[in-house]
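Here TrEMBL flags 4-196 as domain 'Glutamine amidotransferase'. The annotation active site, nucleophile is assigned in TrEMBL to CYS80. Look at TrEMBL and you will find HIS183, GLU185 tagged as active site.
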Amino acid sequence: MITIVDYGMGNMGSVRNMLLRAGVDSVVTSSAEGIKQATRIILPGVGAFDAAMRRLEQSGLRDALDEKALTEKVPVLGICLGMQLLCNGSEEGTLKGLGWIDAKATRLTHTEELKVPHMGWNVVRPVRPSPLVDNLGEEARFYFVHSYAVHVADPASSLLKCTYGIEFDAAINRGNIYGAQFHPEKSHRFGMAFLKAFADIPC
Ligand SMILES: NC(=O)CC[C@H](N)C(=O)O
């Protein structure tokens, strides 16, 4: 069973609905108790970096998440802001991130042709094989809405790259920790395949 973490920053319902369309059941929890039951976790997120970190800390969810991710090593998927939170930090804020993957988020550069936020569909390029991305097929495209982009320190932590002015990491992975900068819940069949693959990752 997948547990979707509700910490007041994002649309848990659309993630749950896309999982259902993929034939995967899930529960939404806003409590540390709920997280303790989890065997697989999705950390969604829409909004600002510091506000999200503050909510995770103040709600007591951070400790429960640390235990699951670092000690029990259950598969965890961060989506959009949720992926940025997995990193050491972001130029968007001053607070430290969860630090589960050695990476940082930097601001995208606004130009005449390329507006920030990066909003809309974009293609991604596979970097290395992983059960999470191996079955996406040719020309996989995903839906993005973000102003900050993640760059991993160790190239081996990158699964998918995307280019919007600069190249950035669109999906990342280290051990049991996974992240997607795009919104799989808004990415039609590609997003459904991606979420199904996360649900099927052996643990
Ligand atoms: N869509 C969002 O919530 C974006 C998350 C983050 N604030 C960013 O701009 O990258």
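The backbone N, Cα and C atoms fix where each Cβ goes, glycine too.
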Based on a Cβ-to-ligand 1 distance below 6 Å, what subset of the active-site residues CYS80, HIS183, GLU185 would you report?
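By the Cβ criterion, which requires under 6 Å to ligand 1, the hits are CYS80.
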Find, among the active-site residues listed as HIS183, GLU185, the one whose Cβ has the highest number of other Cβ atoms within 10 Å in the structure shown.
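Most Cβ neighbours within 10 Å: GLU185.
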Cα-Cα separation of HIS183 (active site) and the residue listed as 'active site, nucleophile', in Å?
6
Report, as a single number, how many Cβ atoms besides its own are within 10 Å of the Cβ of the residue listed as 'active site, nucleophile'.
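There are 25 of them.
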Tell me the coarse DSSP state (helix, strand, coil) of the residue listed as 'active site, nucleophile'.
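The three-state answer is coil.
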Take every residue in the domain 'Glutamine amidotransferase' (4-196), average their pLDDT values, and give the whole-number result.
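A mean pLDDT of 97 is what the predicted model shows over the domain 'Glutamine amidotransferase' (4-196).
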What Cα-Cα separation, expressed in whole Å, is found between GLU185 (active site) and CYS80 (active site, nucleophile)?
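Given the Cα positions, GLU185 (active site) is 11 Å from CYS80 (active site, nucleophile).
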Which state, by DSSP, holds HIS183 (active site): helix, strand or coil?
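Note: HIS183 (active site) is coil by DSSP, not helix or strand.
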